[in-house]
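The annotation domain 'IFT122 first beta-propeller' is assigned in TrEMBL to 46-126. Summarising the annotation, TrEMBL assigns domain 'IFT122 second beta-propeller' to 131-385. Among the features that TrEMBL reports, domain 'Intraflagellar transport protein 122 homolog TPR' is placed at 392-771. The domain 'IFT122 zinc ribbon' feature in TrEMBL is assigned to 825-869.
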Amino acid sequence: MRTWHCSSNHAEAASHMPQLEGLTTKNIQLCTGGLWREKGKKKKTLKIGRDRSLNFDPCCISYFTKGEYILLGGSDKQVSLFTKDGVRLGTVGEQNSWVWTCKVKPDSNYVVVGCQDGTISFYQLIFSTVHGLYKDRYAYRDSMTDVIVQHLITEQKVRIKCKELVKKIAIYKNRLAIQLPEKILIYELYSDDSSDMHYRVKEKIVKKFECNLLVVCADHIILCQEKRLQCLSFSGVKEREWQMESLIRYIKVIGGPPGREGLLVGLKNGQILKIFVDNLFAIVLLKQATAVRCLDMSASRNKLAVVDENDTCLVYDIHTKELLFQEPNANSVAWNTQCEDMLCFSGGGYLNIKASTFPVHQQKLQGFVVGYNGSKIFCLHVFSMSAVEVPQSAPMYQYLDRKMFKEAYQIACLGVTDTDWRELAMEALEGLEFETAKKAFTRVQDLRYLELINSIEERKKRGETNNDLFLADVFSYQGKFHEAAKLYKRSGHENLALDMYTDLRMFEYAKDFLGSGDPKETKMLITKQADWARNINEPKAAVEMYISAGEHVKAIEISGDHGWVDMLIDIARKLDKAEREPLLMCAHYFKKLDNPGYAAETYLKIGDLKSLVQLHVETQRWDEAFALGEKHPEFKDDIYVPYAQWLAENDRFEEAQKAFHKAGRQEEAVRVLEQLTHNAVVESRFNDAAYYYWMLSMQCLNIAQDPAQKDVMLSKFHHFQHLAELYHGYHAIHRYTEEPFSFHLPETLFNISRFLLHSLTKDTPLGISKVKTLFTLAKQSKALGAYKLARHAYNKLQGLRIPTRFQKSIELGSLTIRSKPFHDSEELVPLCYRCSTNNPLLNNLGNVCINCRQPFVFSASSYEVLHLVEFYLEEGITDEEAVSLIDLEAPRHKRENKWQEITSNNSQTLRLDETMDSMGDDDPFTAKLSFEQGGSEFVPVVVSRSVLRAMSRRDVLIKRWPPPLQWQYFRSLLPDASITMCPSCFQMFHSEDYELLVLQHTCCPYCRRRIDDPSP
């Protein structure tokens, strides 16, 4: 036993009801919800929706169209259609007795009804389309009780639930009217935004109306009842009524001011009327023989399109009532709202687009055309409305074929492809319709053609009126060069054709437009042809053409860039020397291509000696530069300064000094040498440092000739001389302490370390180590028997920071020296050759005699005290006079001559005769060596003319310092011991030592003057 509970009341269904047997649990749930039992089992279903009251006892129920609707029959003797929510939509069929069963044929709209009296009825349910359209808004009925408003452009949709059967729908601008069984609802948009889709109820007319069509305006609704039209306000008050002669077949709102809108009405008898809602009288627009099925008015209301019952589309001129044209196979028609002369109509499965009176353009389309806005066509197919994007290319080209550019532009604005826009732009440009062409090129963003149009418009403003010339420019831009050339020639501007062909490198055509042998034009053509050959990578041909055209600069550029030296020198030799610019370019490329000979030839041709000097300097061709400098002294600075810098960079500093000197750049020479000297000291190249300091001193002495800098430079000179001597001696000490083998004799190292110790009484120069000096002195003193001095050196070392590698040796030496006697060997004690005083090895006064204060003169190699005494000239005696007096060598008396001179073929010997008296007895210089004993001041030896005259030239050494220094004179007190003085640095050596060192180094060991250098 199964029990079914209905939502209206509880009624038990007999077990013989066959339709209930087929219901599934789901169907029952979807229908009403309830409870059923079977064989002790209990299953509960889910209730959907709320209860609905029925006015009869239901006896049968069935789903219709997949559950969207419900068929219900019973004691009311009829079958009713409900929504799935229980809203009654209407009666399917009335019977004479109770309806016991109703069934739906699957997947169809057929219904079979069985009654109590045995009657079986068969029905087909057809749902009519209820919808409304205004421009891009389309409203239609959905599920019989809802209204969906669709924006055809943005594809937005909004659903309005009415919960009752929707009978009619009307839409207009911001108004929406929905007719329900017992009332009419009027909605309005929330805002005036064209894309707003929010509706709200504005008014309700609670009345039951029967009508065939419903139309809504801004303030009224229009009801169509067969032949009658009624105008009602939103409050439901009837304001006007129009009675027609025939049945109303079509009605449409065509717009107007609020409250004064116009209606377009089509009748069955072929009459077409225009009615204003505020006017009682209808206006007859025209009358045709056939019934009206569909109609529409153009945007400007000048034309009327009608579809009659014969499926013919007829277009009339409203003002003249003239039939403009007609087209067959039409079931609906619509004018384009944005273009006056375009309409579309559908029929026979095709969409037909017609522009003006041109032939129809067809494309396949299913459905009915209900609107045409720009390039979008609104089509209703079955129950769905869609917006179809239709390119307007065909009508646009129809206008273009007839040179109707403005109309074609209007069509293109509705929607065409970029290719179509470009075609329109080109056609308008060729038709000299510049305004349309400019708009079209703006659409495709073609700046090149826009610039052309702007230039043509500017020329027209200046008064140019030659259309052939304008069209020729257009053709040239389009690539139609021959047509452009013909127009240029026809308009008398052959030069423009020549320019065009030359720019295009079409030189064969360009020759046809040359003037009558004008050399300028011929040269111009050849030049452009050469430019073209250059651009297509044919440089040799371009060079030949440039030369023939006289464009030597361009020919030189190409030849130089490709390294064609032979071609460059040919051009340079053919050019006149007055053509400086191309010749200078040739010289530049010769230098760049490493051909200084050709560059020099070119500079000589144009007489550019300064550039020639720079060339020699850059290529380091110093001999040629010096030869040119001899002839033209004004270029001395340009030659010797770079030469000096080059020499300095190549470590040829002596030559660099001379070059700086010749260039007059003394300060720069000093600055460079100071930096080099510092680097040598830092790198422990003390021999080089001594040499650089000597050079610096000589440079300062040279600068001191300037009275303004004399004092400063002389001070620097003496300082640098002193440093040079220190570093020269310290070089041996450094090598002795750093290298495993010694290159000097112990006596030499002993003398050097003593010399440095006595010289370093004040500040110690950079790089000189007192530790190394004392260490060397201690070791050599101990080895030579100067134990007292060695002990002093070790004691001094105790107060200094000693490197680790010396510590063990020094500590051992300090201990062992204590076992030695506390005195020095007498053989090592230096002798003063002026006063014959033995000086201590450790002299607190420095390198001077402790008795006479006479400065010692040291050998620059062994650092022994030389037997030389410096003497000075009496006041009034010049250096030249002194030398002449010394050179006189006044003859002595025979009895007084203690020297014997022996002359042979190959030698000249001076021998002292031991049997005679010593020369000191009669030598006036010896008498001058005396001084006042006990004085602490140094008393120099000053000689007179008579003493000078008595001196032998062989016994006198002269340091011939350049001004502003005075010469220095030295007298040898032991003539047998030969002493040699370097004529460049004035350093003294034992002759044997000097000769040996010169043979080893081929130069002076101090100033590095080469033995083959004749200059002092």
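In case you wondered, yes, glycine gets a Cβ from its N, Cα and C as well.
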Who are the long-range neighbours of the domain 'IFT122 zinc ribbon' (825-869) in its own chain, taking Cβ under 8 Å and residues 6 or more past its ends?
728-729, 745, 747-748, 750-752, 754-755, 757-759, 761, 781, 784-786, 788-789, 792, 929, 931, 936-939, 941, 957, 970-974, 977, 979, 987-990, 993-994, 997, 1005-1006
How many helix, strand and coil residues does the domain 'IFT122 first beta-propeller' (46-126) contain under DSSP?
0 helix, 43 strand, 38 coil
Is it possible to list how many residues within the domain 'IFT122 zinc ribbon' (825-869) are helical, extended or coil according to DSSP?
3 helix, 8 strand, 34 coil
Any idea what the model's mean pLDDT is for the domain 'Intraflagellar transport protein 122 homolog TPR' (392-771)?
73
